[in-house]
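S.K.: Swiss-Prot feature annotations, pasted as is:
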ACT_SITE  ASP399  active site, nucleophile
ACT_SITE  GLU452  active site, proton donor
Amino acid sequence: MTVQLTDEAYAVLEGRHADPFHYLGPHSEDNRVVVRALLPDATAVEAVGEHGETAHLERVHESGLFAGSLPNGSHRYQLRARFGDTTVDLEDPYRFPPILTDFDLYLLGEGTDQRLYDKLGAHPMALEGVNGVAFVVLAPNARRVSVVGDFNFWNPRRHQMRVRGNGYWELFVPGAAAGDHYKFDVVGPHGEQLPQKSDPMAFAAELRPKTASIVVDQTRLPQPRPAPAQINALGAPMSIYEVHLGSWRRKDGEQWLSYRELAETLPAYVREMGFTHVEFLPVSEHPFDGSWGYQPTGLYAPTSRFGTPEDFCALIDAFHAQGIGVLLDWVPGHFPDDPHGLGHFDGTALYEHANPLQGRHLDWGTLIYNYGRTEVVNFLVSNALFWLERYGIDGLRVDAVASMLYLDYSRPADGWVPNKFGGRENIEAIDFLRRFNAEVFAKFPHVTTAAEESTAWPQVSRPVEFGGLGFGYKWNMGWMHDTLNYISKDPIHRKFHHGQILFGLHYAFSENFILPLSHDEVVHGKRSILGRMPGDEWQRFANLRAYYAFMFAHPGKKLMFMGSEFGQEREWNHDRSLDWHLLDTPKYAGIQALVRDLNRLYRTLPALHQLDCDPFGFEWLVTDDADRNVFAWMRKGDDPRARCLVIANFSPNVYEDYRVRVPFPGRWREALNSDSAVYGGSNVGNAGEVHTLDGLVPELSLTIPPLAAIFLTPED
């Protein structure tokens with residue numbers, strides 16, 4: 001047949017047609033079905049109808065454009081193409097119907113599709129009985145988008161996509177399958193060729209430095225068993241073990257453990273140590289090891305460093321089998337500007353702000369999400385819901401919330417753009433955080449969220465309907481800074497800083513707080529937690545034991561970074577395993593034993609956890625003994641008899657006959673003494689119990705051990 005090439009044909013050949021379906025594939029013309037196919041490397045092509053009818057497709061352009069016709073009604077056919085000496089039967093991607101429905105497009109345009117991960121990305125499926133993969137990507141300003149991969153020899157002319165409403169490009173690729181590697185080849189709005197892009201919605205990716213996305217069949221992922229239903233309840237104990245999966249342990253020198261290898265040891269260790277939760281530093285795919293995961297390029301993909309999505313499911317399941325909740329560090333505040341990532345995705349600032357005063361972090365050299373764009377907010381909120389639903393995650397800790405809330409965060413006076421009211425609050429980010437929390441808790445009421453927020457922003461952990469940001473918890477950065485500053489001082493100087501211990505209780509119940517001794521406190525020259533302790537060797541370890549005991553007795557949930565539980569000496573290094581050999585030395589094993597027992601006590605004594613976030617759960621008893629560095633307080637539970645008396649002595653002196661008033665007469669049992677010889681201490685104490693003195697007011701006469709804290713509970 002004679003084919004006159006039109007402008008539309010050249011638009012397809014030159015890769016600038018927004019809807020190649022309008023030209024390629026089957027088209028009814030003059031009682032025939034005209035078939036056009038673009039197969040750049042083919043030497044001959046036939047169309048074979050479903051009833052066996054065939055038509056020779058003539059090469060009408062040297063770039064591989066073929067055209068011919070079948071009898072009317074032959075819209076289902078295959079292409080029989082010869083490549084050199086090989087002949088293969090191919091399904092024509094341009095004969096299949098659209099993937100996205102009109103309702104899908106409506107929700108996508110409105111930004112209210114909570115299951116974006118069911119629509120966008122790469123999804124293995126059968127369409128009209130043909131197996132393949134449906135690819136959908138957002139690129140509203142692109143002139144052309146092609147999907148390239150293992151299935152088309154990475155040729156961008158083979159599978160040009162069509163644009164639908166609101167800038168979503170789609171294509172069903174017959175024969176593509178789970179495990180295939182792919183990217184999007186994008187031509188920008190001015191005809192410029194962009195770097196090939198990874199899929200923003202990819203469920204897996206190649207190991208760095210490679211950057212291709214990998215097709216995953218999400219419907220075949222095993223569903224981890226659920227964690228205990230009330231594990232995140234406000235009145236339940238919450239003690240979190242923060243872990244960087246790549247450096248907890250290593251094998252054969254310096255090789256990572258896989259997700260499945262970690263599943264064999266890490267959950268059992270966390271359980272043995274008495275922690276209720278584990279929190280992973282970000283597991284989303286990221287190109288740079290040294291970012292620790294905080295500069296992600298693949299928010300929907302568990303990093304391939306440690307295995308596949310199926311392997312990651314196995315790790316979550318192993319934790320849930322031990323009754324341990326799993327929290328993820330989640331990074332919706334910024335992303336790196338790697339060429340294959342989200343930055344300048346369609347040739348414009350699609351995910352980020354175009355103005356660098358709004359769109360770039362000066363400190364980190366990363367790009368900031370544009371929370372004023374509905375597609376971006378939908379992308380992020382759907383990502384949160386994705387982890388909770390598909391992997392059964394029990395909560396999300398949101399990184400760097402302060403950097404999201406303030407437009408002038410870490411910027412010079414002339415380096416930021418005020419909001420519409422002239423203020424520095426990022427109104428769009430506030431709305432995003434509220435929507436994120438509202439949708440998470442509406443769909444998953446038993447999970448939790450936590451904010452790393454380092455300023456005094458009010459009502460971070462108050463419900464959205466009451467004007468708050470809606471988080472379940474907020475990290476208590478003020479407590480962490482004040483108490484670490486206090487404990488790092490020589491005991492002789494601590495009396496001048498007595499208020500650093502007291503001050504935290506002035507605001508301890510203004511939020512639902514987590515007390516964080518996180519990874520940020522053991523890097524960048526800050527030294528390890530043990531490394532901050534003053535004095536000789538005995539005092540350093542005693543100080544650390546006293547500090548940990550103080551932390552577990554203080555109101556608020558607990559978080560401890562890996563290695564701190566046994567007194568790691570070195571700063572954390574993401575390229576090395578923790579120094580597990582230290583546990584061969586009794587003083588480090590003693591620290592580990594103390595943390596294990598503190599976790600046990602915290603979990604089993606209602607007074608230590610039931611009212612963690614309620615002022616009725618705490619009462620100061622001794623606040624004015626600065627000269628002796630002694631504090632005493634009472635922790636309370638729901639039951640009037642649920643009481644725990646705590647005395648902390650941050651001096652190296654022993655105090656005999658130390659008087660403390662208590663609410664009940666009778667015997668008080670010494671539930672824990674951080675100076676016990678079991679933990680490496682001097683074994684000064686009260687022989688396990690003490691009786692109240694005779695008198696009108698119940699009072700205890702105690703022996704207070706040096707650099708230690710003791711816990712006493714009333715006998716029934």
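Cβ coordinates are placed from backbone N, Cα and C, and glycine is handled just like the others.
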S.K.: Whole-number Å distance between the CA of the residue listed as 'active site, nucleophile' and the CA of GLU452 (active site, proton donor)?
M.R.: 5
S.K.: So what sits near the residue listed as 'active site, proton donor' in its own chain, CB-to-CB under 8 Å and at least six residues off in sequence?
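M.R.: ARG397, VAL398, ASP399, ALA400, VAL401, ALA402, TRP475, MET477, PRO516 - these are the non-local Cβ neighbours of the residue listed as 'active site, proton donor', listed in sequence order.
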S.K.: Could you find out if DSSP has ASP399 (active site, nucleophile) as helix, strand or coil?
M.R.: coil
S.K.: When you measure from the Cβ of the residue listed as 'active site, nucleophile', how many other Cβ atoms are you left with inside 10 Å?
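M.R.: So the Cβ neighbour count for the residue listed as 'active site, nucleophile' comes to 19.
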